[in-house]
Amino acid sequence: MRVAIIANDAEKSRVTATELKRLLDAADIELNQERPTVVITVGGDGTLLGAFHQYLEMVEHVRFIGVHTGHLGFYTDWRNYELELLVESLKKDTGQSVSYPLLDVCIHFNDELADAHHVALNEATIRNIERTMVAKVSIEGECFEMYRGDGLSMSTPTGSTGYNKSLGGAVVHPRVNALQLNEIASINNRVYRSLGSPMIVAPNEKVTIDLKRDDRYQLHLDHYVRSYDNLSSLELTLSKKRIHFASYRHTHFWRRVNDSFIGKIKDED
Ligand code: NAD
């Protein structure tokens, strides 16, 4: 086992990472930032997202573990005061893991540029940053609707509790192998019409977003933002790759959702 540690800049995270290094050293577990088999992030969901993109090339050969130094996160199972327990679990590791779906994004450009491929853990969001986005949305090559509005977002099941939820999308259990397409402030009136509700797309279906205006667009891939003025279309599908987490402990998904969004409630009759 080779372990990499990725911590965010917060003082608490840095202290936690230093202590983790000391414990791993004492347990004779190799630290290796370049070729890890296990990546431990210390911080929050954002730190895990950053580490995912950092190790994307080797994502099939790496298992992630999230230590959180704030609230229980969606990608972080361990608390900063549980490091000894975590190192004990690493010592007894038998390769146990759980995997979740990822989103594949293929970008086509107006000019001669070759297509670009990206993978997202939470979601991809496309927005026209100049005026109303007009886009033909096709599913499996068949025109479904002409969308008009601020933009569109496609999320993975684990990303469904992120930006997708703020857009009014459904929270999807990560064992469901599907993507969710969501509208951002669509225009729906007697002239223009799109579905107006989130859609769950089947695992083998490709959604194509044909951008009808030569404008400037912003593409968000998780926490990364890029601007383009030569975008032609996007193709969105479930990725063949999946993210793997070392599953030494299991936090029930709906408990995590409750903990994050609802909190303790009085059991009233
Ligand atoms: P950030 O790092 O400031 O994160 C924003 C919040 O989203 C944090 O509280 C984070 O814990 C939470 N978050 C991240 N992934 C989540 C997930 N899968 N489920 C539930 N909560 C999650 O923001 P950023 O770096 O700009 O973007 C990171 C992610 O944050 C994005 O991929 C997006 O899903 C989410 N986000 C949400 C909104 C929103 O709800 N309006 C806005 C921006 C970003």
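Every residue gets a Cβ built from N, Cα and C, even glycine.
Sequence-distant neighbours of Asp45 (active site, proton acceptor) (same chain, 6+ apart, CB under 8 A from its CB) are Gly66, Gly73, Phe74, Tyr75, Thr76, Gly162. The secondary structure of Asp45 (active site, proton acceptor), as reduced to three states from DSSP, is helical. If you look up TrEMBL, you'll see Asp45 marked as active site, proton acceptor.
Under DSSP, Asn122 (NAD(+) binding site) is assigned to coil, being neither helix nor strand in the three-state scheme. The NAD(+) binding site annotation in TrEMBL covers Asp45, Gly46, Asn122, Glu123, Arg148, Asp150, Thr161, Gly162, Tyr163, Asn164, Lys165, Ser166, Ala185.
With a cut-off of 6 Å between Cβ and the nearest atom of ligand 1, the recorded positions Asp45, Asn122, Arg148, Thr161, Ala185 reduce to Asp45, Asn122, Thr161. Tyr163 (NAD(+) binding site) falls within a helical segment according to DSSP. Pairwise Cα distances among Asp45, Gly46, Asn122, Glu123, Arg148, Asp150, Thr161, Gly162, Tyr163, Asn164, Lys165, Ser166, Ala185, which the record gives as the binders of NAD(+), peak at 32 Å.
Residue with the densest Cβ environment among the binding-site residues Arg148, Lys165: Arg148, by other Cβ atoms within 10 Å. The least crowded of the binding-site residues Asn122, Thr161, judged by other CB atoms within 10 A of its own CB, is Thr161.
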